[in-house]
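First up is the structure itself, then whatever we jot down about it.
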Amino acid sequence: MTETTLVKELVSKCLQARNLAYCPYSHFPVGAAILTTAGDIVTGCNVENASFGLTVCAERTAIQRAVAEGHRHFTAIAVTCDIKDSFVGPCGACRQVLMEFGSNWDVYLTKPDGSYKKTSLQELLPLAFSPAHLEKN
């Protein structure tokens, strides 16, 4: 599978995941699709809760699902929401959770029409705190 085909599949899966979001309070569905180094794609969507602090973002849902399925190494994530006129990135908490699994992720910020912008986790979270900092102490 070519890189372009793989990115298109990743983007398509994040759009599909967005449609599964449980967001009765914010009405702001988000979908994420993570590419593992083994070539598997694991998806997640946001899951809201009446106790708002217990809401889980799509990116964290996807990571938790991937880890529960035995994955620990990732190369890319595609993220989407319903905002049509600009590219929207993961929240700060999700950026930090992604960083737990390495800083060399490609991040595809995806609009509802499937268009995307490629960036990186390092670009989205410069000077990040990571597991490597704990190894030095």
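Quick reminder: no glycine exception, Cβ is built from N, Cα and C everywhere.
Some features that TrEMBL has for this protein:
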ACT_SITE  GLU59  active site, proton donor
BINDING   CYS57, CYS91, CYS94  Zn(2+) binding site
DOMAIN    5-132  domain 'CMP/dCMP-type deaminase'
Ranked by how many other Cβ atoms lie within 10 Å of their Cβ, the binding-site residues CYS57, CYS91, CYS94 are led by CYS94
Spacing of the two Cα atoms, CYS91 (Zn(2+) binding site) and the residue listed as 'active site, proton donor', in whole angstrom, works out to 9
Across every protein chain in view, the count of C-beta atoms other than its own within 10 A of the C-beta of GLU59 (active site, proton donor) is 28
For the domain 'CMP/dCMP-type deaminase' (5-132), the DSSP residue counts stand at 42 helix, 31 strand, 55 coil
Whole-Å Cα distance, GLU59 (active site, proton donor) to CYS94 (Zn(2+) binding site), is 6
